[in-house]
Structures are given as structure tokens and as C-alpha cells.
Amino acid sequence: MGHALCVCSRGTVIIDNKRYLFVQKLGEGGFSYVDLVEGLHDGHFYALKRILCHEQQDQEEAQREADMHRLFQHPNILRLMAYSLKERGAKHEAWLLLPFFKRGTLWNEIERLKDQGNFLTEDQILPLLLGICRGLEAIHAKGYAHRDLKPTNILLGDEGQPVLMDLGSMNQACIQVEGSRQALALQDWAAQRCTISYRAPELFSVQSHCVIDERTDVWSLGCVLYAMMFGEGPYDMVFQKGDSVALAVQNDLSIPQSPRHSSALRQLLASMMTVDPQQRPHIPVLLSQLEALQPPAPGQHTTQI
């Protein structure tokens, strides 16, 4: 693990013997901050995520997030460039050096279009959805689930390709729940780590004897697809009005009619938003359906889907 050193007078930091210049703050939330930095060795921009670690458990969770990144070398999953632990007296900061995406997140794009009175077209949605699915497929193939998929956790590359980020909530894909104590512990964990308006129904009220699997991500993916289609998540307004999301997700989702969307896309969304997780499709099934729906490349014959 690299060592970090702050040279505040020059606004630079050193990670793994490379110097980075602080440019500006990008954002903050909870106990973490994200800064834009420039690598003085290569002139490239990076996002430096700094996690405040008040306890040993915080350090372990930050290390685990770094370990999750290192599991993957995939175009649709955010790459970790470097990881360092910085000591400041009795406190520590975990630093994750990540690629910088100037286009921001999928949510930024949805909001930008909405401000213009527009939405993503189906021909734009389908390749995005395919890329997100491929990222999830890679995560699930290694026996993990993302558990906090949402538009703000999906970056957009220069060519518009989706890249999954924020792997701090990832855990094992298949969880065998055996008893009320374990069920309550998992439910409490989900309340803290899984965004409420994108959280699968089975995580709101975990049964004493059940199996929670990676299809929680498929539900969240359905919420992301809904947001791409309609400009907001299906339960965003429920949460904003102070109504019960836990109650709302127990009912079948009503999908608005729109001439912008094919029946095939609507059926795909409906399958993802199946309340019973055992009836929800796995990612490989969705991938095969999605690949058949992809818009043709420029110059190819187009058919209505």
C-alpha cells in the first residue's frame, strides 16, 4: 500500500511517489470528499476520493472498497489508479485515486436534458443499458452484488460509455438468511448502504429465512432504466413527498405510456421491476434480450423495435 503525504503550501499531494496538484473540489458526502487533481508526471486529471476514517472499522471498509476496485479490469467498472492511507495524528484518511470523467454522471446527463425539456431517446438508452448490464455481469460473475446502483453512481466516458462507480456497498451476491437476528442486521445494513428510492423490495423487510441474491441489482437497474426513460426514478417523488417507499415498492409499478418507447423496452422494464425477486430475471437473460434490441450501427438497415 502506498503512503500519502500532503504538501499543503504548494497545494500538492504525493501518492506512490507521484506528485499531484490540487485543482478544485468536485463534491462531498457523508465522511468523504472528492477533489480534482492533476498528475504532474503525466498532465492527466484524476479524481481523488478522501474518506475520513474515525475508527479501525472505517479503515477496513475503505480498504475493502479499494480491494473491490482491484478485482476488475473492465471497461464498464471504474478503475482504481492508486490507494493510500494518510495518518494525521490519531486520525486517518483513506485516499482512492480514480480516473476523472469530465462528462460527469448519468444523472447529470438526465438532468441536463430535462432542463431542455428533453429525454434520452431509446437509441441512446439501449447502449447505455447494455454497458451497465455488462458491468453488473462482471461483478456478479465474481460472486458479488453492487447493492447501490443508481444514476449518480454511473459515470459517462468520453464516448458516452457507462462506467459503474462507488463500490463501497458491494458484498457477496448470495446471502443465506437464517434467523430473525441476521435478517434484522441485513435490513439495517441495507438502510445505511442502499439508496432508499433504488432499494429492492426484499431489502426493506428481510424475511427470517430467505435468500437475498444479486437480483437486488436488477431491481435497481430497472429504476435506473425508468429514470433514463422518464427523467426521474420511479420512487423519487414518493421519497421527496415523505411517503413510504417501503410500501410503494410492494405494489406493481405503473409504467407511463409514451410514444418514445417501444413495447419491447417497456416489457424489459416491467421484468426488472418484478416485486418477487425469484421471478426477476438474472443479468445474462437481460443481456441476451438487450443485445437483440440494440440499434443498428450507422449504415446498417434499420428496423422498428
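Just so you know, glycine gets a Cβ as well, placed from its N, Cα and C.
Because the structure is a prediction, the values reported are computed rather than measured.
Annotation source Swiss-Prot lists N-myristoyl glycine at GLY2.
The S-palmitoyl cysteine annotation in Swiss-Prot covers CYS6 (among others).
Swiss-Prot lists CYS8 (among others) with the feature S-palmitoyl cysteine.
Averaged across the domain 'Protein kinase' (20-293), the predicted model reaches a pLDDT of 96. The domain 'Protein kinase' annotation in Swiss-Prot covers 20-293.
Secondary structure from DSSP puts GLY30 (ATP binding site) in coil. Around GLY30 (ATP binding site), no same-chain residue at least 6 positions away in sequence has a Cβ under 8 Å from its Cβ. Positions annotated as ATP binding site by Swiss-Prot, on the basis of sequence analysis: LEU26, GLY27, GLU28, GLY29, GLY30, PHE31, SER32, TYR33, VAL34, LYS49.
Residues or ranges marked as active site, proton acceptor in Swiss-Prot: ASP148. Proximity of ASP148 (active site, proton acceptor) to non-local residues of its own chain (separation of 6 or more, Cβ distance below 8 Å) is seen for ASP166, GLY168, SER169, ARG193, CYS194, THR195, TYR198, SER220, given in sequence order.
With a cut-off of 8 Å between Cβ atoms, the residues of this chain six or more beyond the region 'Activation loop' (166-202) that come close are 61, 64-65, 68-69, 77-78, 139-140, 143-150, 153, 208-216, 219-220, 223-224, 233-236, 238-239, 245, 249-250, 275, 277. Marked as region 'Activation loop' by Swiss-Prot on the basis of similarity to another entry: 166-202.
Around SER197 (phosphoserine), the C-beta neighbours below 8 angstroms that are at least 6 residues distant in the chain are LYS150, CYS223, GLY233, PRO234, TYR235, ASP236, VAL238, PHE239, VAL245. Under the heading phosphoserine, Swiss-Prot lists SER197, citing similarity to another entry as support.
The local packing around TYR198 (phosphotyrosine), expressed as other Cβ atoms within 10 Å of its Cβ over all shown chains, amounts to 30. Summarising the annotation, Swiss-Prot assigns phosphotyrosine to TYR198.
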Shell list (ATP; ref centroid = CB of LEU26, GLY27, GLU28, GLY29, GLY30, PHE31, SER32, TYR33, VAL34, LYS49; cutoff 8 A): ARG50, ILE51
What are the sequence-distant neighbours of LEU26 (ATP binding site), meaning same chain, six or more residues apart, C-beta distance under 8 angstroms? VAL34, ASP35, LEU36, ALA47
Identify which of the binding-site residues GLU28, SER32 has its Cβ surrounded by the largest number of other Cβ atoms within 10 Å, counting every protein chain shown. SER32
Its residues classified by DSSP, the region 'Activation loop' (166-202) shows 22 helix, 6 strand, 9 coil
